[in-house]
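**Student:** Right, I'll just put the structure down here and ask away after.
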Amino acid sequence: MTWRHHVRLLFTVSLALQIINLGNSYQREKHNGGREEVTKVATQKHRQSPLNWTSSHFGEVTGSAEGWGPEEPLPYSRAFGEGASARPRCCRNGGTCVLGSFCVCPAHFTGRYCEHDQRRSECGALEHGAWTLRACHLCRCIFGALHCLPLQTPDRCDPKDFLASHAHGPSAGGAPSLLLLLPCALLHRLLRPDAPAHPRSLVPSVLQRERRPCGRPGLGHRL
């Protein structure tokens with residue numbers, strides 16, 4: 001073999017080695033780039049998932065800025081005027097829902113769900129929570145509406161008669177006064193200058209004094 005063949009062989013081998021080296025470098029760069037891209041995508045998804053969950057659930061909890069009203073009107077107790085709703089919702093008449101439970105009501109509206117218009121009042125000069133007697137019914141003003149109890153005085157509509165019907169009788173207040181009468185009489189007898197030395201002797205005399213008719217002239221004290 002001549003020297004030309006040796007030179008050609010060396011050139012071919014060196015060219016092949018360079019091609020192999022370039023191919024390996026390209027494969028390494030491609031592999032590293034793919035791993036970095038996968039890592040970036042995973043990091044972005046991990047960062048976005050809590051944000052999306054928080055925003056979506058926050059929207060479900062707080063509701064819209066304009067509020068959302070109940071599907072059915074709230075029933076009210078005619079006796080006490082308290083609303084009873086199986087599915088509480090926010091808010092009526094343009095109220096703003098806060099934290100899913102409270103309503104910020106616009107002007108002239110009040111109530112838990114902004115359902116009462118203060119401009120439409122059945123109470124006249126009565127304030128919220130005040131009681132009144134209306135057509136023999138005891139009524140209470142609740143958010144501008146009168147809520148009345150069942151008829152309590154079918155024969156008489158005087159408020160004094162209504163209060164007297166709930167009393168226990170005329171002798172209910174007399175028992176405490178009778179119980180206090182005997183100690184007061186004993187104390188009065190003890191403070192007298194001519195009281196006897198033994199307190200036991202006071203009891204018959206006090207009892208006799210209490211049995212004596214009061215206010216009749218000509219009767220004196222017997223000690």
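Each Cβ is built from the backbone N, Cα and C atoms, and glycine gets one as well.
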**Student:** I want to verify the bond table. Which candidate from C97, C114 sits on the other end of the disulfide that Swiss-Prot records for C105?
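**Tutor:** Checking Swiss-Prot, the candidate bonded to C105 through a disulfide is C114.
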**Student:** Express the predicted model's confidence over the domain 'EGF-like' (86-115) as a mean pLDDT, rounded to an integer.
**Tutor:** 77
**Student:** Could you tally the C-beta atoms, other than its own, that fall within 10 angstroms of the C-beta of C91 (disulfide bond)?
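**Tutor:** C91 (disulfide bond): 26 neighbouring Cβ atoms within 10 Å.
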**Student:** Would you mind reading off the Cα separation of C90 (disulfide bond) from C105 (disulfide bond), to the nearest angstrom?
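**Tutor:** For C90 (disulfide bond) versus C105 (disulfide bond), the Cα atoms are 10 Å apart.
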**Student:** Indicate whether C97 (disulfide bond) is helix, strand or coil by DSSP.
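**Tutor:** Looking at the DSSP assignment, C97 (disulfide bond) belongs to a strand.
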